[in-house]
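The structure's right below; bear with me while I get my questions together.
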Amino acid sequence: MLKNPHTKYRPANPFAGVVPGGRGLSDRTWPDNTITRPPVWMSTDLRDGNQALFEPMNSERKMRMFKMLVEIGLKEIEVAFPAASQTDFDFVRELIEGGHIPDDVTIEVLTQARPHLIERTFESVRGAKRAIVHVYNAVAPNFRRIVFDTDRAGVKQIAVDSARYFVEMAARQPGTDFTFQYSPEVFSGTELDFAVEVANAVIEVWQPTPQQKCIINLPATVEMSTPNVYADQIEWMHRHLARRDSVLLSVHPHNDRGTAVAAAELAVMAGADRVEGCLFGNGERTGNVDLVTLALNLYSQGVHPGLDFSRINEVARTVEHCTQLPIHPRHPYVGDLVFTAFSGSHQDAIKKGFAVQQPDAVWEVPYLPVDPADLGRSYESIIRVNSQSGKGGIAYLLEAEYGLVMPRRLQVEFSAAIQRITDERGTELSAGDIWRAFEEEYLAVAAPYAYVEHHLAEHGGQQGISLTVEEAGVRRVLRGVGNGPIDAALHALDAGAVLLGYEERAIGQGGDARAVAYIELADGEGGGSTFGVGIHANIVTASVLAIVSALDRLAQRRERADGVGRQVAATR
């Protein structure tokens with residue numbers, strides 16, 4: 001690092017020559033505003049997020065992502081850059097021709113400001129009921145000088161010509177209700193007077209009305225300043241955009257400085273109507289703004305975001321599958337450890353908070369900004385597993401002594417069982433004690449189902465299973481068909497559970513090696529999720545054992561919940 005970084009770096013100053021002193025608004029009003037309703041959300045997971053992956057999503061993952069975004073409640077979804085590849089073009093066509101787009105959802109497609117690309121983009125959405133077509137060109141001074149070797153007039157003309165071509169192309173497809181969107185790329189580093197000049201020139205071409213609005217999107221393509229500077233930029237544009245009542249003012253913050261969430265929130269306070277981003281902050285470089293954090297920040301303040309994250313673990317597993325990227329264990333609201341306390345004083349305060357928290361009262365549990373149950377999660381306390389414990393921790397002991405490597409979320413779940421035992425004994429547990437507790441919790445559970453045997457067979461191109469279990473002392477043969485042994489076994493048991501995750505590992509090496517399978521299932525009746533574990537020399541058998549284990553533990557959880565419910569009812 002340089003001793004004098006000012007010789008190489010300068011703070012961005014988009015207000016130079018626009019306001020007196022050139023250092024932001026002196027009459028800003030956004031600090032006095034609060035967010036009382038959610039903005040329009042637009043997911044770009046399938047476009048900006050997808051293009052930033054090591055390996056872009058295949059068609060199966062794209063469709064799975066799209067359907068999940070719809071289930072969450074997204075009404076605007078950017079699905080592709082159709083002129084960039086045949087794969088993207090074909091995906092848009094599949095969405096339209098396959099009837100996958102609900103009536104209340106609008107897809108969005110992106111194009112650069114070039115006639116042949118615009119034409120290809122409009123062709124991709126032919127037959128759609130509604131579509132947002134989004135065009136952009138970079139307008140910042142370093143792009144004008146270094147990338148395009150042109151001046152302000154040249155950049156502005158590109159935008160205006162593209163806007164005119166949009167009108168012409170839309171007229172050729174009268175069956176589609178089009179919304180036009182324009183982004184002055186790298187707005188965050190552009191002189192404000194020029195940014196508004198270009199945006200207003202585009203608006204003049206499109207002639208939007210309050211009934212047929214256009215979208216002007218102001219991206220922090222590269223985050224260059226503190227969030228308050230971005231908010232000042234948005235408020236200035238909010239004041240100076242032409243036909244403001246006919247324009248949806250949109251923002252697209254990136255996270256280069258780590259403050260995209262704050263920038264988006266302040267931008268909404270400053271007048272933005274709409275926010276573009278990705279689930280869990282995927283996207284180029286450091287990512288786009290995280291729509292989940294934004295939405296749940298609103299929720300924690302008593303404002304419903306209009307998006308449903310009541311099964312956030314399932315959303316997280318789907319995103320990890322589709323993107324092949326892990327979610328950080330400390331990620332707000334969704335990370336495996338965010339509802340976990342290692343500190344004894346934190347654990348004590350949280351337990352006391354839960355003890356006095358009334359079901360219909362304002363949430364006041366210390367250290368927890370929202371009720372984990374609202375997100376389909378639970379408070380999970382890991383005890384004696386950090387550096388302050390004086391021991392290696394539960395997971396370390398099981399791995400070191402028994403070769404068992406547990407998924408992080410299973411570590412969290414199993415720690416609750418260890419907590420109960422240590423509370424009862426009042427002493428520390430040995431590795432043997434922990435292993436016996438693990439066997440009892442996951443491997444020896446046999447009610448309502450006890451596994452007996454299974455047989456696999458091909459069934460019309462799918463996997464069929466004949467599964468023998470013992471239930472209440474009676475043997476039953478259950479049959480199911482699925483995409484593989486796990487899917488087939490779930491269908492055979494017909495328990496209404498949803499598969500959230502599956503992992504398999506080896507215990508030991510050589511001829512004595514065994515397989516361990518971990519299955520995470522969500523209760524279809526809304527009771528959260530739980531793990532099952534199976535260990536066997538055969539990996540398929542281990543997997544079936546894990547499914548039976550998980551279903552047995554879900555059933556026991558339901559029984560405990562019903563018992564608590566009866567006790568509460570009896571005291572009323």
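Along the chain as shown, residues are numbered 1 onward.
Placement of Cβ uses the backbone N, Cα and C atoms for every residue, glycine included.
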Determine which of ASP48, ASP487, ASP494 appears in Swiss-Prot for the same Mg(2+) site as HIS252, HIS254, ASN288.
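Matched candidate out of ASP48, ASP487, ASP494, per Swiss-Prot for Mg(2+) with HIS252, HIS254, ASN288: ASP48.
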Quick one: among the binding-site residues ASP48, HIS252, HIS254, ASN288, which has the most Cβ atoms sitting within 10 Å of its own Cβ?
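Highest number of other Cβ atoms within 10 Å: ASN288.
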Could you give me three numbers for the region 'Regulatory domain' (445-572), the DSSP helix, strand and coil residue counts?
45 helix, 56 strand, 27 coil
Using the Cβ centroid of ASP48, HIS252, HIS254, ASN288 as the reference point for the Mg(2+) site, which residues of the same chain not in that list have Cβ within 8 Å?
THR44, PRO219, ALA220, THR221, PRO253, ALA260, GLU276, GLY277, CYS278, GLY283, GLU284, GLY287, VAL289
Mean pLDDT for the domain 'Pyruvate carboxyltransferase' (39-313), rounded to an integer?
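Here the predicted model's pLDDT, averaged over the domain 'Pyruvate carboxyltransferase' (39-313), is 97.
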